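Novice: Before anything else, here's the structure in question.
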Amino acid sequence: MTRFDTIERAVADIAAGKAVVVVDDEDRENEGDLIFAAEKATPELVAFMIRYTSGYICVPLTGEDCDRLGLPPMYATNQDKHGTAYTVSVDAREGITTGISAADRATTMRLLADADAKADDLTRPGHVVPLRAKDGGVLRRPGHTEAAVDLARMAGLRPAGVICEIVSQKDEGHMARTEELRVFADDHDLALISIADMIAWRRKHEKQVVRVAEARIPTAHGAFTAVGYQSIYDDVEHVALVRGDIGDGEDVLVRVHSECLTGDVFGSLRCDCGPQLDAALEMVDQEGRGVVLYMRGHEGRGIGLMHKLQAYQLQDSGRDTVDANLDLGLPADARDYGTGAQILVDLGIRSMRLLTNNPAKRVGLDGYGLTITERVPMPLRANAENLRYLRTKRDRMGHDLVGLDDLDLGETAQ
């Protein structure tokens, strides 16, 4: 098992102007990035980064700083697999030559970190690629972009970092993985940390959602306590329906349900969301204890209601649910489970049995101090309208849906 250094050491090194190595989840990019604070950029640091990485150096910034510096997205609708928010590339307007040397790029990096810098201080395009970090950092998105901004902020510096992926010295056609990164860090006296450890550290020291209200809600599936939350960073409101004693230390049956107006409210047969919500409430009721967490802002797998309706139009023309999103220039799945994980932790849940057919949901909740002891499958709710949709989720999105091949489009299976 790889040995990681403490977050405290990494923060101290960042504050001192050193680089650190940061590893993300093996089910995500499974890569290690060299990271240092942008305001501490020197020709020597940049040259070191260029030597051992892919050389595609980026500078993560807060959304506020991106707006202040006039840094729009590189492309209007982000299609990156992991949602990396690239902006237009830039160079410093003054103090550089061609912009590509280590010294020139260091100048541009320091300028991007300067609180007094203005949009006119930069030229576009250039040789440095700023990235727009999500508000809330690694607690909202467990990526290197957010890790860099968080580390700089935690070190008491301007929230701007410099990142690049470390290349394997054993196989230069691929990226270095965790064990090799440990050796690399030791050889160069660098701290090696994981984003999962950063999340745990921030969760221990910071709070990103607030509990607003709670009330008894009698339903057709029994009485629940509705606990309302609001996200600090985007003001989106979420509701956890709680049944029974969930703080007794035993595994809790949990369903994290994505908002679906068409399925949950209108009873649309194009998806299985409404039946899944009903089934989750019924299963928690039968269990006598558990949580159904209703996540707002997840409409259409995170693309929003209007875009979902547009995707439906494309599906009526023959696209499947994945290609319809992609044809609109949108991700196949844009949902973020970080806020949901924080809510579950606030409710006192540490160990749970997760109600889902979607393995990606488990990955989205891992790293937040939550232990998932079992994935409990949801009942299959297929019909003539959603059978193709369900098969696409199985074949192209990895959902664990059994028995679909025994059905045809003219059948309805409950």
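Each residue, glycine too, has its Cβ placed from N, Cα and C.
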Novice: Figure out which of Thr321, Thr371, Thr373 sits with Arg255, Val256, His257, Ser258, Glu259, Gln276, Glu299, Gly300, Arg301, Thr356, Lys361 in the GTP site per Swiss-Prot.
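Specialist: My reading of Swiss-Prot gives Thr321 as the candidate in that site.
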Novice: Relative to the Cβ position of Cys271 (Zn(2+) binding site), how many further Cβ atoms are located within 10 Å?
Specialist: 22
Novice: If the Zn(2+) site is taken as the center of the Cβ atoms of Cys260, Cys271, Cys273, which further residues of that chain fall within 8 Å of it by their Cβ?
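Specialist: Other same-chain residues with Cβ inside the cutoff are Ser258, Thr262, Gly263, Asp264, Ser268, Arg270, Asp272, Gly274, Gln276.
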Novice: His144, Arg255, His257, Arg301: which of these binding-site residues has the highest Cβ count within 10 Å of its own Cβ?
Specialist: His144
Novice: Could you state the CA-to-CA distance between Glu299 (GTP binding site) and Asp333 (active site, proton acceptor) to the nearest Å?
Specialist: 10
Novice: To what whole number does the mean pLDDT across the region 'GTP cyclohydrolase II' (205-414) round?
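Specialist: That region's mean pLDDT is 90.
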